[in-house]
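The following features are taken from TrEMBL:
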type	residues	note
DOMAIN	2-37	domain 'EF-hand'
DOMAIN	79-114	domain 'EF-hand'
DOMAIN	117-150	domain 'EF-hand'
């Protein structure tokens, strides 16, 4: 994130005619340089005026970076969801969309995480997150279990 001093320096460089305002053309030149393409009409609609002073430029910068942060957050959530779906499929050995006690025990044993002498019952492990009490974990229940395990 750029600080105010850096943004002021950028603003001054963009303000080609030195009038203390960024025209839409000057602003559009910056946006195109970072891969954001607007027509001048779209940019005027987005900005709401034909030029920006420094304070308005700061607000515009904040709104652009906030939108980008929101997009990154959404992408991270999608990645997490995909990772959880892959993990779910590892446990769902028969592909029926549910993780049974036997499937859970089998995968944990293959991973070296199941010790029959420990006395732990996989049914009690499933029961904690089995919100609909059907004896198996669906994807949502598995997701809740994985997100609460951290």
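Cβ from N, Cα, C; glycine included.
For the domain 'EF-hand' (79-114), the mean pLDDT of the prediction comes to 85. Residue counts for the domain 'EF-hand' (2-37) under DSSP, split into helix (H, G, I), strand (E, B) and coil, are 21 helix, 2 strand, 13 coil.
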